[in-house]
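Per TrEMBL, transmembrane segment is recorded for A:20-40, A:52-74, A:95-122, A:128-151, A:158-180, A:200-225.
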Amino acid sequence: MYNHTVARLTYRALLGRRRALILCALPVLLLVIAAAIRAMTGADDQTAADVLGGFALATMVPLIGVIAGTGAIGPEIDDGSVVYLLAKPVKRPTIIFTKLLVAIGVSVAFSAVPTLIAGFLLNGNSQQIAVAYAVAAAVASIAYSAIFLLLGTVTRHAVVVGLVYALVWEALFGSIVDGARTLSVQQWALALAQKIGADGAISSAVGLPLALVLLIGVTVVATWYAGQKLRSLTVAGDD
Amino acid sequence: MTTIHIDNVSRWFGNVVAVNDVSMRVGPGVTGLLGPNGAGKSTLINMMGGFLAPSTGAVTLDGATIWRNEGIYRHIGIVPEREGMYDFLTGREFVVANAELHGLGAEEARRALATVEMEHAQDRKIATYSKGMRQRVKMASALVHDPAVLLLDEPFNGMDPRQRMQLMDLLRRMGADGRTVLFSSHILEEVEQLAAHIEVIVAGRHAASGDFRKIRRLMTDRPHRYLVRSSDDRALAAALIADPSTAGIEVDLGEGALHIQAVDFARFTEFLPRVARDRSIRLYAVSPSDESLESVFSYLVAA
């Protein structure tokens, strides 16, 4: 199910100079904000939860997910280089699964790890807030990677669709509109954070069992469907 | 595995029919796929390469369906027309990656790069390559697993004459080795120089198949033009014009040659040497002046 060559090609494409800069920008911003707040106001649990929930989990994690998930396959489909992967006796689900693992690795490295560091900077992991949000960011990264990887196989406008989803649905509706919360990766991840954090420190609109079922279900279905899409990927020619 | 079978294949995109009920066999040797822009050549090659499903009909390699069959790529090598090819890799890294995806290694990649004579630039990034160099590295990636079938979409695009000659030699050798080599091209001289066998696609339809000279001759209702030089052009012209196989003759005094328009190919090719022999006229040159693929093409498109 894993192909080392596909992984190598994917992470080298993902961590190319320009994309790596974009991937670094948000975590650096988070760390700067965290350090600045700590310096100005001192350690405060509520502020830590607000920053990690409002910026890290609601905005940074889905954006990193869009860049890593769609970037793991979208550019190859756009420029036609995916032909060199497809014209090989390698099973399509293997290609997708390998790309998913790389996208998850990159997302976790650029979102969950900075979230953990930012949490420690903000309040030294008081009430387990840093660890809780870092785990939530890691779990959300997995689901986002699968969703955006699928998006990369079904539309050439994956980045735009992904950004709209990340910014409008997750960052806006997922935070403020009740109904949308149930269908928000952010809220599913928060359910896990709620369990890890101290009582009352973090809250989610979704119960943990449902959140876990939805996280696993969405990840599995998106990955499976992306494999199916890749099996039938049409490479249009210029006649 | 060496023969691609295309059976009653059509492919449409929305309301546009790109390929219309085409049937053909592409077997060992070099075959040229020829047609004007928009004729459906790339659509056909994409179907043969498994990147496009036929709307109707079947595309198979010795009985095995190509579409959605990744195992088929053990036997097929593909040189796509598009330029996207992991520009951040060096040529060597790119070919090694292609070898690895076939379960092979650096040795096979080295051999493929040597075949296309790209060792000298193999450690440069692909982004720095000229179009001809990119084309040769694409070739190496397609040859790395020593495939029985090689499909090339406009492979000579952007190559300089020397590179073009090299690639032609390589493809000729591969065809002579018994591989099935199919390439599309809109440069008629290339097809003429390289492929004994052509498949002509015009407006999505399979217009002709076979040796292009034979195709030309099959169209007996079309005039054939010849340029003839002889020891006595005037006497030869007088004898030929009396025969119904010849529709017109122009005596070109400046060039010292006859421009002959023949309407019955078989009869004319028998009649010309006989009449020359009977009248003791020496023939210095007899060459078809309109048997380029361009003229074959224009006849087929007009027909």
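In case you wondered, yes, glycine gets a Cβ from its N, Cα and C as well.
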Cβ contacts the transmembrane segment (A:200-225)/the transmembrane segment (A:20-40), at least three under 8 Å, sequence gap 6 or more: no
Beyond the flanks of the transmembrane segment (A:95-122) by 6 or more, those residues with Cβ under 8 Å of it: 1-3, 6-7, 10-11, 14-15, 23-24, 26-27, 30-31, 33-35, 37-38, 43-44, 47-48, 51-52, 56-57, 60-61, 64-65, 68-69, 71-73, 85, 129-131, 133-135, 137-138, 141-142, 144-146, 148-149, 153, 223, 226-227, 230
Outside the transmembrane segment (A:128-151), six or more residues from its ends: residues with CB under 8 Å to it: 45, 48-49, 52-53, 56-57, 61-62, 64-66, 68-70, 72-73, 96, 99-100, 103-104, 107-108, 111-113, 115-116, 118-120, 122, 158, 161-162, 165-166, 185-186, 188-190, 192-194, 196-198, 201-202, 215, 218-220, 222-223, 225-226, 229
Other parts of the chain folded back onto the transmembrane segment (A:20-40), taken as Cβ under 8 Å at six or more residues beyond its ends: 14, 47, 51, 55-56, 59-60, 63-64, 67-68, 106, 110-111, 113-115, 117-119, 121-123
Intrachain neighbours beyond the transmembrane segment (A:52-74), with Cβ under 8 angstroms and 6 or more residues off its ends: 10, 13-14, 19, 22-23, 26-27, 29-30, 33, 82, 96, 99-100, 102-104, 106-107, 110-112, 114-115, 118-119, 122, 129-130, 133, 136-137, 140-141, 144-149, 151-153, 156, 158-159, 162-163, 165-167, 170-171, 174-175, 185-186, 189-190, 193, 202, 226
